Structures are given as structure tokens and as C-alpha cells.
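Feature list (source: TrEMBL):
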type	residues	note
BINDING	100, 170, 198	Mg(2+) binding site
BINDING	306, 320	ATP binding site
């Protein structure tokens, strides 16, 4: 055996080798070409997914046996799926759960009985799927799946091999042409609240977006949705009728409580009541052989980075990956309510915003919704935990960081402009509170927040470990009895913060 072949085999025996191969599928130039192809002909990648499924020796009929609960929507998909999974697990069913994106590590996306699959299981099944695809690529023009496609195939393979009783599958983007829509016969489908997101792919009106989301409906398969605006609801109903899919609008959670008493939720925020109602209906479609849905699952549900509170000494972090207009509005209501209660018990504290957005999102519009929170400081940084070191292998990454920093400075300018406008014209703020700063990475922002308290640990050799905070007026930080930090605008930003606040999540 040649030395090079031995090296490749050794790499494939490791979890890190699997991650390197997986990550290469989202960093190569072909990804950009595929995204453009998807915009020009959105059905192309969906058709490719059918071929990839066949090459991994999984049939559509075998997918049917997974008893899939398929959930799409703009806001609340992950939370709804988390509610469903917990309810059904409480009944003793062996559950599979596929979601995206991940916050700390990629194994979060594929869960068995609520837990991310282990490194050992990930490594085993990853290479089984990848090698089947690689072995057949030559007779298929060298085609290989991109990142999300491969993870979706991996999730199906894991759930099949681990013999789950049912699988809760969260749609990635849209529905009609999403990779997960390779499913032909789910048990039930759900549509959460609709709004604007990924407009370049899904359409520039809520009605167009609703059409895409309704693409997961299947003939004869029941579907449920929450209350929607009249226009998109009509689109959902029309598509359901055309497809032959019975569609129901879920009742308000208040109606359940009138019959069974108060319902407690494990996820904070008023908007979670809509998600909980949808989860109850989707769960009941599976549990209809039982007498009633168990409320305990709702109360015990946890979902990282969504209305999540973490306390570290005098600093309380409010983590919510909201990145659309409606979800930011819900986040603001939650944060104001939470900090108002805290201030009433502990006296006025400082409020800090840590924010970033990605892609095509209109950051100025989202920031405008955050102004009423009356932040003392607004911090902006790229979605990277640490700045790359200056070695040859990471020079291209350093260039990319400079682009991300430039975007952060643009976001900062929008925030400064918004706050000046609010102070002059609306008098919402009593003084010029919102000092704004741009940081090179997440760790440097966390270090600045924790001045005078316990510092966030930084890996040895990290460029950010020697970073000196800018000479701003930070006496308030050191003197504050408590500090409330809202981290929002991007799930990737929230994930980076979680990785350092809760290192155990990576194990």
C-alpha cells in the first residue's frame, strides 16, 4: 500500500478528518456556482438530491418508514420541532431530530432521543455515506453533494441505521425545492409563522414565500399551520387544495388551557405559544392512538440560542438568534420584559447589545427595532470566535475577516445614525446612551464586556488574547451591579458566544 493511500485511510479513521471533508463542501468555489444555479433554476439541486439519495442506497420507500414529521416556515421551525421531539420522547418513543444551523458543533444537527450524536457515531456513518458517493462520482460526472445536502443524507442514514420510531425534520430553506423535500410520504406536515427571509431565493412577497413553504404538502397527508396574515394563508389553503392535502389552522394555546388548565413552556417568549400550539397538533397526529398529549413535554423543552438566558456572575446573557423583522420584534418584547423584571429586583443595570447579520439581510431595518431597548453600549463583530493567526494557511481567511469587519463598521454607522435620529426627533432616549464599538471577533467582545469581572478564557496563541480594548469610558462596566447583554441578529453569532460561555456544549 502506498504511503499516500495510508495517510488518506488514517485521516478517514478520525472525526477531524470527517469534519475537514465536510467543511470542504461549503468552502470550494463550486458552492457559489451551485447557489447561482439554484437562483436561475431552483429545481436543479432538488433533482440532484434524488440522484444522491439513490447513490447512498436509500430508497424513498425506506424514508417513508422513518415516520417523518416535516416542518417548514419562516420563524419558529426549530422551536416547534424541539417541542414535538420532547413531547414524543416523553411518551417513550425513540426520536430522531434533524435541524439547522448548528450553534456550537455540527453534531447538534442530528439528534437521537434529544442528544446530538456522538463523535464516534458521526464518524462511522459519515464515512459510510461519503464513500458510497465518492465511489460512484465518476459515472455521474464527478458530482458530489454540497454541505447541506450531505448532512441531510447523513441524517436519513443515521435515523435508518439507529432505528428511530419517528424523525422530526426541519426544512432548511423554503420547502418546494429544499433538500429535505425528497421525502414523499411524511406522517404530517407543519408550517410555522411566515415572513420575509431568503427573499432572493423564495420571492419578494409573503405570498410567494408561502407558495414555496407549501411545497412540502403531500396528497392525503394532513398539514397544520398557525394563524397567518390573510394573503399567505390563502396561498397555503389554495396549494393544499390543489395538492389534495387537508390543512387546518391551529387554535390559540388559550383554547387548550380553557380545557386542560395552564400550560407551562420551557422556552421563553410570547411567540412560543404559537409554536407550542402547532407542536401539540403535529404531535397529536402521531399520538392519536393515545388518550391525550402530555403537557410535560412543553415545559421541559430546551432549544439553544432561542430566548435563552445564561448568567455568568454579574453578567446575564440573553441569547436569541432572531434575524427577521418579526423575530427581532418578538426578541425585543422578550428582552424588555426580562430586563424590566431584573431591574425591579436588583436596581437599574447596564444594557449591552452584541449584534451582527449575514447575507442579504437589511441590518438597518433590524437595528431600528432594537432602539427601544435603550442600550448603553452596542457592540458589533464578525461571526468568528477568534481572529486567525498570521500563518500562510490562513491568509485568505484574514482577507475574509477584513471584509466582515468592513460590514460590521457599516452596521455600526447605521446604528449611530438611528440613535441620533431617535434622540433628536422622538426623544425616546434621555441621553446619548449608545456608545458603539466594533471588535475583530467574538472573544474580544466578550473580554471587553467582562472587564473587571471574570475574563472569558482564550486559547493560547489566539491573536485576540493580546487584543487591547479601545480607550472608551468603561467605568460604568466596572461599577455596574449587573449587566444585561442581548446577543442577536445571527444564529452563528449566538453559537460563537455559546461556544465560549458554555465550553461543555462542544463535548
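Every residue gets a Cβ built from N, Cα and C, even glycine.
TrEMBL does not curate its annotations; it predicts them automatically.
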Counting across all protein chains present, how many other Cβ atoms fall within 10 Å of the Cβ of residue 170 (Mg(2+) binding site)?
24
May I have the list of same-chain residues other than 100, 170, 198 whose Cβ is within 8 Å of the Cβ centroid of the recorded Mg(2+) site, in sequence order?
77, 99, 101, 171, 172, 173, 178
Counting all other Cβ atoms within 10 Å across every protein chain shown, which of the binding-site residues 198, 306 scores highest?
306
When you tally the Cβ atoms that lie within 10 Å of each candidate's Cβ, which of the binding-site residues (100, 320) has the highest tally?
320
In whole Å, how far does the CA atom of residue 320 (ATP binding site) lie from that of residue 100 (Mg(2+) binding site)?
15
Hey, how far is residue 170 (Mg(2+) binding site) from residue 306 (ATP binding site), Cα to Cα, in Å?
15
For the C-alpha pair, I'd like the distance in angstrom between residue 100 (Mg(2+) binding site) and residue 306 (ATP binding site), rounded off.
13
